[in-house]
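Annotated in TrEMBL:
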- TYR23: active site, proton acceptor (ACT_SITE)
- HIS100: active site, proton donor (ACT_SITE)
- ASN74, HIS80, ASP87, ILE101, SER102, ARG111: substrate binding site (BINDING)
- ARG18: site 'Transition state stabilizer' (SITE)
Amino acid sequence: MSLFTILNGPNLNLLGQRQPEIYGRETLADVEAACREIAVAEGHEIFFAQSNREYELIDWIHEARGKSAGIVINPGAFTHTSVAILDALNTFEAPVIEVHISNIHKREVFRHHSYVSTRAEGVIAGLGVEGYEMALRHLIGRLSR
Ligand code: CA2
């Protein structure tokens, strides 16, 4: 059994409640349930969390060190600003997949740059909340490759 860490940055607690034209109608609880189902079906477990506070995301990345087989992270707006989250991810030894619900490259120019992408093994953007499931399935698949 392996542990996978799924982290969400600021404002993603509002998923499904605002701006459905950009972020869809599913809530973060729906995303967590879908990810948990995938993990449990394969005999694994997940730690799924969201925070509006940068330090909390960093603490969870630190806690994943040596314990988690991979991180799926949607850093929200911290994607575009946080060297601190990048530094934390660089201390984590297993794969990192960056997920964005929207296609950040189709949006404002300030969303086009991601600090986290310089660390991530892969980036999924614009495929809605399905991106989380794809990322998790990929990490699970890597265990046997
Ligand atoms: O597309 C994504 O997943 C983003 O990471 C979402 C961030 C945004 O700052 C990034 O550029 C792209 C924003 C998250 C805000 O989430 C909300 C969800 C529902 C309603 C309002 C905000």
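Cβ atoms here come from the backbone N, Cα and C positions, even for glycine.
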Inter-residue C-alpha distance, HIS80 (substrate binding site) and HIS100 (active site, proton donor) (nearest angstrom): 12
Rounded to the nearest Å - Cα separation of HIS100 (active site, proton donor) and ASN74 (substrate binding site): 6
Surrounding CB atoms that lie within 10 Å of the CB of the residue listed as 'active site, proton donor', all protein chains: 22
Lowest local Cβ density (other Cβ within 10 Å) among recorded positions: ARG18, HIS80, ARG111: ARG18
Of ASN74, SER102 (the binding-site residues), the residue whose Cβ has the fewest other Cβ atoms within 10 Å: SER102
Neighbour count (Cβ, 10 Å) for ASP87 (substrate binding site): 13
Span of the substrate site, taken as the largest CA to CA distance across ASN74, HIS80, ASP87, ILE101, SER102, ARG111 (Å, rounded to a whole number): 24
Local backbone state of ASP87 (substrate binding site), from DSSP in three classes: helix
Between TYR23 (active site, proton acceptor) and ASN74 (substrate binding site), the C-alpha gap once rounded to whole angstrom: 13
